[in-house]
Every structure is written in structure tokens, then in C-alpha cells.
Amino acid sequence: MALHLSWVFVFGILGNAVSFMVSLAPLPTFYQIFKKKTSEGFQSIPYVVSLFSAMLWIYYALLKKDAIFLITINTFCVFIQTFYIVTYFYYGPKKEKIVTVKLMLLFNVFGFGVIFLATYFLKNPSLRLLILGYICMAFALAVFVAPLAIVRKVIKTKSVEYMPFTLSVFLTLGAVMWFFYGLCLKDMNVAVPNILGFIFGVLQMILYAVYKNHPKKTVEESDPKLQLSDHPVVVVDVAKLSSDVNSVIPNSTNSNNGGNNGGRTEGNAFNKV
């Protein structure tokens, strides 16, 4: 029993430490928002969803009563995600502010309110915890599936620009720590989603190893619809046309060199999330 509790403590501490660092990962992004005084180009939905997730897990941990490490890390997440959302809202354009308010009302007010009212007043505490656990597990699985969009983008563009290696490593480590924490507590609602988190984390690191030295693929190469046409281009010789109209101006020697660089798109081809 003592050994069991010691492993719960070890993995709980390690899980908190890793998740703490992951929660601070967006700070450079918000430093850029602060410097530029605008949040244009970024979206608020990841922070709204993260806040919603933290609220769910705090509620679950309070009902479970023996998951203190879930409470500590998710309480910190509530504060840091609130800070991110407030900062985003302060510097965001009017349209994005409206979107953020709608998302907050949908997830953090209506969504959480419905879950709370539907479970809290159930007479059977075991049933209440069971239903809430399934909700938390389903939502955690959905969050872990989200990186599939990034994986698809990496494979399509053959570029790891939008998939930082360090973040992938910490997310994978976090999944391992929380899996063993849930396993030691015999809580499958915590353990099962982190199996998927570990698989996707390893997949991201493999993709990074494969594509880290690969030449960047331009938007035109990744999307044939954006490629330049192969049809011949008709060029009007303005200098020659001008000389026919006004004989004072001598004929100019034409040298029409296509200065197009292949339509290479610099910077972020997609909005950062």
C-alpha cells in the first residue's frame, strides 16, 4: 500500500512538472502579441478549450476526492489560460473579440453549466462520478486527436515549421506520466486518454526526424490549384508600341525576364493556432 501511494506521488509530481512547462509554452506567442499590440493571425479557441478541460478535471477530481495532483495542475491551468484569454481579448480585433466571447459562452458557461447540472444532483455518487469520468475521458481523447491536423500539414508540406520538437517531447512525457498516475490510482478515465496522447506524441517526433532536414515545400507545390499556369503568356512590348506612336522615342531592346521566383510564399502560409 505504501509503495502504491509512493508511485502515485512520484508520477503525480512528475506529471505536474511536465504539464506546468507545457502550460507555459504559449508565453512567447503572447509576448509577440504584447510587442505588436495585436493578436491578429492567432486564434483563441485553443485557450478556451484548455480552460474548459481544466474546469472539467477540477470538478472530477473534487468529486473523486483522492486526486490532489489533478487539482493542483488544473488549478494552475485555469489561471494561466484565463491570463492568455484576457491578453488575447485585450489586443484582439473587434471581430476576434466577438468570436472569443461566443466560444467562452459555448464552452465555459453553457457547456460546463449543462454538465455540472446534469451530474451534480444525481443521488448516486458512484453514478455521478462514472458519468463525469466518461465525459472527461471523451473530451481528453478529442483534445489528443487535435494534433492530427498538424500531422497532416507536416506530411503535406514536408515541413516541421508548425510542429515544435520540444513541445512534442514534453507532451509525450506528460502523457506517460499521467498514464502511470492514472494506472496507479486505478483510474482508467485518466490513464486511457494518455495512451492516445503517447501514440500521437511519438508519431510527431518520428515525423520531425523524417522531415527536419527536408527542403521546405511551398504552398504552390502542396496545392496544385495554386501552381502557375503552363500556358504561354502573351507579353505586350510597351517600348515598341510607344515607338510606333511617337517616332521621337527610339526602339528599345526588349529583355523580358520573368522575375517570378516560383510564387514562393515567405512567412506563415497558415494562421498560427
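From the backbone N, Cα and C atoms, a Cβ is placed for every residue, glycine too.
Caution: TrEMBL annotation is automatic and unverified by curators.
Annotation source TrEMBL lists transmembrane segment at 6-33, 45-62, 68-91, 103-122, 128-150, 162-181, 193-211. Taken from TrEMBL, the feature region 'Disordered' applies to 247-273.
Listed as Cβ neighbours of the transmembrane segment (68-91) (distance under 8 Å, sequence separation of 6 or more from its ends, same chain) are residues 8, 12-13, 15-16, 19-20, 23-24, 26, 30, 33-34, 37-39, 42, 44, 47-48, 50-51, 53-55, 57-58, 60-62, 97, 100, 104, 181, 190. The stretch with the most CB contacts under 8 Å to the transmembrane segment (162-181), chosen from 6-33, 45-62, 103-122, 128-150, is 6-33. Only residues 6 or more beyond the boundaries of the transmembrane segment (103-122), in the same chain, are considered here, and those with a CB under 8 A from a CB of the stretch are 44-45, 48-49, 51-52, 55-56, 59, 85, 128, 131-132, 135.
Sequence-distant contacts of the transmembrane segment (128-150) (same chain, six or more residues past either end, CB-CB distance under 8 Å): 49, 52-53, 56-57, 59-60, 63-64, 115, 118-120, 122, 162-163, 175, 187-189, 192-194, 196-197, 200, 204.
Counting only same-chain residues 6+ beyond the ends of the transmembrane segment (6-33), those with a CB under 8 A from a CB of the stretch are 39, 42, 47, 68-69, 72-73, 76-77, 80-81, 84, 87-88, 91, 167, 170-171, 173-174, 177-178, 180-181, 184-185, 272.
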